[in-house]
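To start, the structure itself, in structure tokens.
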Amino acid sequence: MTLQCTKSAGHWRMVVWDEEGFQGRRHEFTAECPSVLELGFETVRSLKVLSGAWVGFEHAGFQGQQYVLERGDYPGWDAWGGNTAYPAERLTSFRPVACANHRDSRLTIFEQENFLGRKGELNDDYPSLQAMGWDGTEVGSFHVQSGAWVCSQFPGYRGFQYILESDHHSGDYKHFREWGSHAHTFQVQSVRRIQQ
């Protein structure tokens, strides 16, 4: 069973700039933005998350690589993409993560797509799934019972990031194509809970 989350109005707040180092034009968000182009920005190159957790996307329409953005300062692309294999130097769309709940997050991982094969129940951060006993470097599918998670391609939270939430797809991610428009493989080797 997937637990539904409650979205509280005004819980998310983020300020973005079109130049690195918090310089240039500035805009504040309290809700999703499918394209900064509509605001007259070409891109976002620095940002500060003041409250809530967000997902930043490389392209408009919530497409391309995705990056979890938790409370803090991101003076340049290396602050949000420094651990990824192919960092995006800009972000052009954003949305809040409604179900982030670090204390009450539960995730089931499956060996094969469509929730088949061996499974593992997670409720903590795992910098290496292999170290916790998971065989191989791939996860076929996920079921998010509660909370929100960021899954990474390589151990130590490196490589491509995939954001999984209990309030998207009813918490069911049957195939890597549902992890994001940039997902091209079942390779996932580390997972962690997203913090508000």
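Glycine is treated like the rest: Cβ placed from N, Cα and C.
Worth saying up front: this structure is predicted, and the values here are computed from it rather than measured.
If you look up Swiss-Prot, you'll see 2-11 marked as region 'N-terminal arm'.
As annotated by Swiss-Prot, N-acetylthreonine applies to T2.
What Swiss-Prot records for 12-51 is domain 'Beta/gamma crystallin 'Greek key' 1', and it gives sequence analysis as the kind of evidence. A Cβ distance under 8 Å defines the sequence-distant neighbours of the domain 'Beta/gamma crystallin 'Greek key' 1' (12-51), meaning residues of its chain 6+ beyond its ends; these are 60-62, 69-77, 80, 89-96, 196.
Feature annotation from Swiss-Prot assigns domain 'Beta/gamma crystallin 'Greek key' 2' to 52-98; the stated evidence is sequence analysis. Here the domain 'Beta/gamma crystallin 'Greek key' 2' (52-98) returns a mean pLDDT of 88 for the predicted model.
Residue counts for the region 'Connecting peptide' (99-104) under DSSP (helix as H, G, I; strand as E, B; rest coil) come to 0 helix, 0 strand, 6 coil. As annotated by Swiss-Prot, region 'Connecting peptide' applies to 99-104.
When DSSP labels each residue, the domain 'Beta/gamma crystallin 'Greek key' 3' (105-146) comes out as 3 helix, 22 strand, 17 coil, counted as helix, strand and coil in that order. Swiss-Prot lists 105-146 with the feature domain 'Beta/gamma crystallin 'Greek key' 3', giving sequence analysis as the kind of evidence.
Feature annotation from Swiss-Prot assigns domain 'Beta/gamma crystallin 'Greek key' 4' to 147-195.
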Under an 8 Å Cβ to Cβ limit, what residues of the same chain, 6 or more beyond the ends of the region 'Connecting peptide' (99-104), are close to it? 5, 52-53, 146-148, 165-167, 193-196
Across the domain 'Beta/gamma crystallin 'Greek key' 2' (52-98), DSSP yields 5 helix, 21 strand, 21 coil
